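Here is the structure we will look at, set down as structure tokens.
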């Protein structure tokens, strides 16, 4: 019973897993069929649309900040406040890349638009002033915006610059050398996927600015550049000199401005003495050739590395007189061939067809083999250098440029945001910029904008079956996993549900109410074949008296096992001596002992009533006895 319950539990579990997969596929297909992105009407794009209902029944509303902010931009209305750069980069290239305000190509949220980079292999620059300048004092700085690489990305960036406050800041001449305080965002070229966080730190001693780069995140960023989905990038700078970088509201990197920037904000207190020089007699060699070693007399440096194999024999059928390559008989000299200028024309060489069916053509040369006598140039063995002094390092001196900035968070104030980008891929989508100090404000802003994009993208994703097929195209080894997954429940169903042949164990033996009378004084015999390794032996259990006798004979081919149970009354002799309770007699046939273990057991059970038909009642119960 326990075994059957275990089998049924596994079968039910397998059926549950199988049934859940089609249900999920069906649900996703229904959801995907109900959600289809609606095409934008160009006239509605030019209008100032605040609300519009999507096919999901979700009404898009232009996000509005819920607290104090320094800058916000949704691009849903008129593009006001943004300035295209008229500058030239390095006095060579102009910032003539084209920008457009439009909706997403895929997973469109009706009514939502963004700023899209449209040109390839051109410099783009656009900027806008903050509502009010951000001063780094006792409030955190949070910079957040959305990016979608709609065509993937080959080489280019999508980072934002927070431009430093200054009296001569002119957005019309914004270019790569315009001073900035922070640069943050994704960047990729080749197989190098980056998430930049750079800030310009002012040296308190010299007044010069140095760029400090955050260490590379440990997370795998590749999927954010290639999945053509809108992703949310967030930078959080705190007054305790720590930072966090998040993608889709998950932290991918965090650290300290004092410890996790390259180069470090604060220079070392000591530096190597630039005037120090290594002494001429300083020995940095840990090992040297043994000066006492001598080349052995039998060492021959002139032996070549390989020699001809004199045991090799030219293959039978080798054509010595046939060249391996012959002139192409179908080739013709070009009509414009000038032998005075081009020289004598020769037909191009092709492989000799006669050599295709033989071991080879042309002059046969013996193959080369390694020379067993080759030892190469002799070198003395290396021994530890007794004069080894270690690797020389210059002595340390106090760093004359040392300074300590305990709070690098106190950076140069910022008063504008800008995008200064060169890209080999077009249709890079930007949307929903916000600069604030409260994380709750940024999260609410993300929920009203990026959250809806994520919802629509999830609804438009293909069903599970399509995703599995797409994954198998990229990774063919998944087909093996799919086949095993489908074969497992089928195998379990066949194993547990297929009707099995009934064995001797499947019969239920009941106790008999009365003993059967022996009318002829003979023992009725019955044989059954057993498929397991157990023998059933009938045991007499006398309810009223212990005088009944049962003789059970077990037949196993030619060997007979006879077990006689004697009643307690017969167990005692006239002189009071006890007779053995059980008397076993074994009659062995001609079959050898080694054949018993592999044969099927046969049993003969006989119930005998030694008295007449009026004898006492008996009950029989099942008993199992091992062969051995």
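Each Cβ is built from the backbone N, Cα and C atoms, and glycine gets one as well.
Caution: TrEMBL annotation is automatic and unverified by curators.
Here the structure is a predicted model, which means the values were calculated and not measured.
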Checking 477-498, 499-520, 521-542 against TrEMBL, the stretch recorded as transmembrane segment is 477-498
For TrEMBL, the entry region 'Disordered' belongs, out of 16-35, 36-55, to 36-55
With the cut-off at Cβ under 8 Å and a gap of six or more residues from its ends, the chain residues touching the compositional bias 'Basic and acidic residues' (269-288) are 382-385, 387-399, 402
Across the region 'Disordered' (258-342), DSSP labelling yields 4 helix, 15 strand, 66 coil
CB contacts under 8 angstroms to residue 189 (disulfide bond), restricted to the same chain and 6+ apart in sequence, sorted by sequence, are 154, 155, 156
